[in-house]
Amino acid sequence: MIIIISGPPGSGKTSVAIKLANELSYKFISAGKIFRDIAQSMGLDIINLNRVAESNFDIDKMVDKKIHEYVLRERNLIVESHIAGWIFREYTDVAIYLWAPLKIRANRIAIRDKISYVEAVSQIIRREYMHYKRFNKFYGIDINDLSVFDLVINTSNIDINNIVKLILDYLSSVSHNSQPLKEKNINDK
């Protein structure tokens with residue numbers, strides 16, 4: 001089974017995806033980690049690489065290509081990504097969207113990154129604005145349209161263990177088509 005975990009910065013998607021992958025003994029791939037690795041190799045931070053990516057679709061294509069390779073190769077995989085739910089939906093069995101209000105996400109990011117709450121809010125707003133523009137421009141998707149997701153969870157008042165339990169309960173309650181996934185070249189988009 002291939003499962004997508006999407007959501008905005010600070011929603012808990014990476015933590016949940018890692019824990020879920022461990023619970024299921026699935027492989028895990030993170031678009032955010034791939035993006036951060038690209039930023040580091042270019043000597044940039046995430047915000048500045050997002051700025052570069054606004055005019056250079058090759059950045060997103062590199063991330064997408066790496067994820068696409070995993071999706072076609074692996075049978076038991078958790079994909080963590082802001083936009084995988086939209087662009088890889090046809091290849092996956094279940095798409096889950098995690099979210100929380102801005103103030104909660106900012107608090108989580110401030111603690112995680114050891115920055116002020118105000119700086120975390122500023123970073124989130126900048127990243128989300130850049131993501132919205134870029135993903136609409138290059139992919140033609142509206143990241144506010146959550147209709148592609150099977151399950152949407154507000155992570156505000158649920159701890160990680162209960163979020164994972166909720167997802168596991170959902171997974172056990174649905175049946176999936178086990179036919180092989182079709183190959184498609186995502187670079188044709």
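Glycine is treated like the rest: Cβ placed from N, Cα and C.
Taken verbatim from Swiss-Prot:
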type    : residues                                 : note
BINDING : G7, P8, P9, G10, S11, G12, K13, T14, S15 : ATP binding site
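Projection of Swiss-Prot feature records onto the structure.
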residue: G7; record: ATP binding site; Cβ within 10 Å: 26
residue: P9; record: ATP binding site; Cβ within 10 Å: 21
residue: S11; record: ATP binding site; Cβ within 10 Å: 23
residue: K13; record: ATP binding site; Cβ within 10 Å: 26
residue: S15; record: ATP binding site; Cβ within 10 Å: 18
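Other residues of the same chain near the ATP site, with their Cβ within 8 Å of the Cβ centroid of G7, P8, P9, G10, S11, G12, K13, T14, S15, are V16, L98, A100, R105, R108, T155.
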